[in-house]
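Everything on this sheet refers to the single structure shown next.
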Amino acid sequence: MSIPETQKGVIFYESHGKLEYKDIPVPKPKANELLINVKYSGVCHTDLHAWHGDWPLPVKLPLVGGHEGAGVVVGMGENVKGWKIGDYAGIKWLNGSCMACEYCELGNESNCPHADLSGYTHDGSFQQYATADAVQAAHIPQGTDLAQVAPILCAGITVYKALKSANLMAGHWVAISGAAGGLGSLAVQYAKAMGYRVLGIDGGEGKEELFRSIGGEVFIDFTKEKDIVGAVLKATDGGAHGVINVSVSEAAIEASTRYVRANGTTVLVGMPAGAKCCSDVFNQVVKSISIVGSYVGNRADTREALDFFARGLVKSPIKVVGLSTLPEIYEKMEKGQIVGRYVVDTSK
């Protein structure tokens, strides 16, 4: 298979610097890596943080962002096993880990101190060819719609793992804060498929319509409802059994600690820059509330999340645009105007 020397990609050279759509070199895979011809990539709010450089974790510069890449294996290093040319493969946030530390041995690879992160410490999927550690790359079934599956590789895996972390049972109420965004819209569908009743919180044009179209039961528009806590308590007859916080709002996180049910769990997923998690200690102790963080997912979570997708239980509400339009997508993200998930076609 002929592999070009150069390719189109979006790169920036300094934090919040110009996003340049230009010709860049095609990377060479290391001994343990795949070279993937990326066809489509989802665009995640984390990509915006990587560009802004506003998280406490240092970003590689210059950087090609992106960590929801779906494509075809076109090359591999000499030590790679279990893959062949032509396989469908996914590039995840966790590009690689050491597989030898205590975290990796327990299946918590995302907590590996040597983790390599796509679109953050490792050039990601906003280019036509990208590399990924063969152990962590996602196996995608042949014939899968690569545009549709791209958001599952981060957003889907992340919310699926978060729902597992909430320790819910069928029939329980789960509140999803940020329910109509890229992560939230998938969380609604995974929650429904897992047998939960879904309450969504979001605000803005078209968001309630999207929420209801994917099976959500109760929607609360924070731009219209002044008492979010009271509204959730009333709708769920005492509070949500679990909360999945995917919004990037510190106030939303604090509110979730007040509308979660006694003995319930609020799961933190979204990471607003510089935000703190504030919970009234008396309320937390007396109600026996758990507050936990959930950070992407491991290889088993990946396999399970992709299985839900393959069986038609979840579908990404996507809008496909050209990779060259990435700066415009970031602008929409900064203004909170994203409904569903944008996916970029690397050929445009």
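Indices start at 1 and increase along the chain as displayed.
Glycine is no exception: its Cβ is also placed from the backbone N, Cα and C atoms.
Quantities reported herein were computed from a predicted structural model and do not represent experimental measurements.
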> According to Swiss-Prot, which residue among Lys60, Lys161, Lys234, Lys276 is annotated as ubiquitin cross-link?
Replying inline: Lys234
> Which of the listed positions, Thr46, Thr131, Thr223, Thr265, does Swiss-Prot note as phosphothreonine?
Replying inline: Thr223
>> Please identify which of Cys112, Cys154 is recorded by Swiss-Prot as part of the Zn(2+) 2 site containing Cys98, Cys101, Cys104.
In response: Cys112
> Looking at Lys8, Lys30, Lys315, Lys319, which is the one Swiss-Prot tags with ubiquitin cross-link?
Replying inline: Lys319
>> Other than Cys98, Cys101, Cys104, Cys112 themselves, what residues in this chain have Cβ atoms within 8 Å of the centroid of the Zn(2+) 2 site's Cβ atoms?
In response: Ser97, Met99, Ala100, Glu102, Tyr103, Glu105, Glu109, Pro113, His114, Ala115
>> Please identify which of Cys101, Cys154, Met271, Val296 has the densest Cβ environment, defined as other Cβ atoms within 10 Å, among these binding-site residues.
In response: Cys154
> In angstrom units, rounded to an integer, how far apart are the Cα atoms of Ser316 (phosphoserine) and Met271 (NAD(+) binding site)?
Replying inline: 22
> Among the recorded positions His67, Cys154, Ser213, Lys226, Lys234, Lys319, whose Cα is within 10 A of the Cα of Val296 (NAD(+) binding site)?
Replying inline: Cys154
>> What does the structure give for the C-alpha distance between Cys101 (Zn(2+) 2 binding site) and Cys154 (Zn(2+) 1 binding site)? Integer Å is fine.
In response: 23
